[in-house]
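Database features (Swiss-Prot):
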| type | residues | note |
| --- | --- | --- |
| ACT_SITE | 181 | active site, proton acceptor |
| BINDING | 45, 46, 84, 112 | 3-methyl-2-oxobutanoate binding site |
| BINDING | 45, 84, 114 | Mg(2+) binding site |
């Protein structure tokens, strides 16, 4: 696999070649994913739940993400690595740039921030400093207490229009990628069609430019609640490498996610 860059992802969108992404937190899984077709790894603050056992992602620190980013980068020099910026690490442009720099030094190719138009100045500042940005709209887990739980967003037209407006604002500020989480598939298509930057969906149907899953959901080892949008590929294939290959193949072909995994 040749080195994946922002230009690679833009070309994939233009050619309608679906982007495959998974979360990872260590070198072994990064290498496994690299060897079996994954193009993007997210070092997600989801580690607060799947690794640290928390009820949400709010306890994750910038140092946690930096540590796991270094581990992931050690497993692959070619994969495109996105590092999540944890809760309250991007409350001002200055804080955002300082904390993002730590993640870039740890080996990230891009940082991800949750939120809409209010992030404009911070994203602009990051872009001016040469730090690529991924936005995140829809169900943004760091706002779980505002939403009253992990709930589908954007079903009401007013909400949908706000998400579309936020997406356009993030792109205008300089964001080069956008994650759409737990929104109706029809809305995900509207957002994807409205942007020139690639979109990556999780619980957003199969009309986005790519897909991402939490690796624990991919192999069916999630504790407790199993999201509607997840699929246990290990159950279907019997071993980890084949599970990853099957995920990538199904994303590329459009077989995953299917109608049973999307929200209306």
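Every residue, even glycine, has its Cβ placed from backbone N, Cα and C.
Report note: the Mg(2+) site is defined by 45, 84, 114, and the residues of the same chain whose CB lies within 8 Å of the CB centroid of those residues, excluding them, are 44, 46, 57, 60, 85, 86, 87, 112, 113, 136, 141, 142. Taking every protein chain shown into account, 45, 84, 114, 181 are the recorded positions, and of these the Cβ with the most other Cβ atoms within 10 Å belongs to 84. Residue 114 (Mg(2+) binding site) is 9 Å away from residue 84 (3-methyl-2-oxobutanoate binding site) when you measure Cα to Cα. DSSP classifies residue 112 (3-methyl-2-oxobutanoate binding site) as strand under the three-state reduction.
Taking each of the binding-site residues 46, 112 in turn and counting other Cβ atoms within 10 Å of its Cβ gives the largest count for 112. Distance from the CA of residue 114 (Mg(2+) binding site) to the CA of residue 181 (active site, proton acceptor) is 11 Å. Reduced to three states, the DSSP call for residue 45 (3-methyl-2-oxobutanoate binding site) is coil.
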